[in-house]
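Participant: I'd like to ask some things about the structure below.
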Amino acid sequence: AIIVYRLPWTWKCSKLLMKFIHAGLNTIAMILAIVSMVAVFEFHNARNIPNMYSLHSWIGLTAVIFYSLQLFFGFAVFLLPFAPAHLRAALMPIHVYSGLTIFATVIATALMGITEKLIFALKSPAYSESPPEATLVNCLGLLLVIFGSLILWMASRPLWKRPPVENAKILRPIGATPEGTEVESTMTNSSNADKSDLRSNTEAARKQNIKFDEAGQRSTM
């Protein structure tokens, strides 16, 4: 969802379409997060394991709460066509920063979670003895770090940013004046005026040439 605007082969797609894809992927992620939390609490209650005592659980719940707020305000401000343009422009940097921060927090939560699970689950042999399960999960953690780093790198590089011309194409009523195109409209009007003057001058010159030709024919006759 974070890099959906950063893929070059999507730059030719409609901005509105990309908004729906971005919102849809985030919605799916939110549903999966809720299902995961319900499963964890039910597992803990069935095994008589205390809830919400570890740093992993605190940061994880915080990430889910802020992610739900991020999703709600994203729908209300950026997807629905009710928020004014100046409000969208003011909140966009906050929206982007919050999304990247939540993503990094989720990566950290996952790393703490798998480490915690290994410490509790591996008894004989213990985690400290590096059994195959520990090696496998440690490699999974490294892959998570690499994955998160690549996503953050793509999201922060100007080279991967959607071109400004495409960013200017926002949803608007048919026949309405596009936002931010006052200069373009002035240039277009000036261009049209220049073209009109050029056509007038050409027409006048053509008529003058015709008069010269007629005068020349009369003088010859």
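Residue numbering: from 1, along the chain as shown.
Note that Cβ sites are derived from N, Cα and C of the backbone, with glycine treated the same way.
Values in this document were obtained by computation on a predicted structure and should not be read as measured data.
Just lifted these from TrEMBL, have a look:
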| type | residues | note |
| --- | --- | --- |
| DOMAIN | 1-156 | domain 'Cytochrome b561' |
| TRANSMEM | 20-41 | transmembrane segment |
| TRANSMEM | 61-82 | transmembrane segment |
| TRANSMEM | 94-114 | transmembrane segment |
| TRANSMEM | 134-155 | transmembrane segment |
| REGION | 179-221 | region 'Disordered' |
| COMPBIAS | 183-193 | compositional bias 'Polar residues' |
| COMPBIAS | 194-221 | compositional bias 'Basic and acidic residues' |
Participant: Cβ under 8 Å to the transmembrane segment (20-41), counting only same-chain residues 6 or more beyond its ends: which ones?
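Facilitator: Sequence-remote neighbours of the transmembrane segment (20-41) are 1, 4-5, 51, 60-61, 64, 67-68, 70-71, 74-75, 79.
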Participant: Any idea what the model's mean pLDDT is for the domain 'Cytochrome b561' (1-156)?
Facilitator: 94
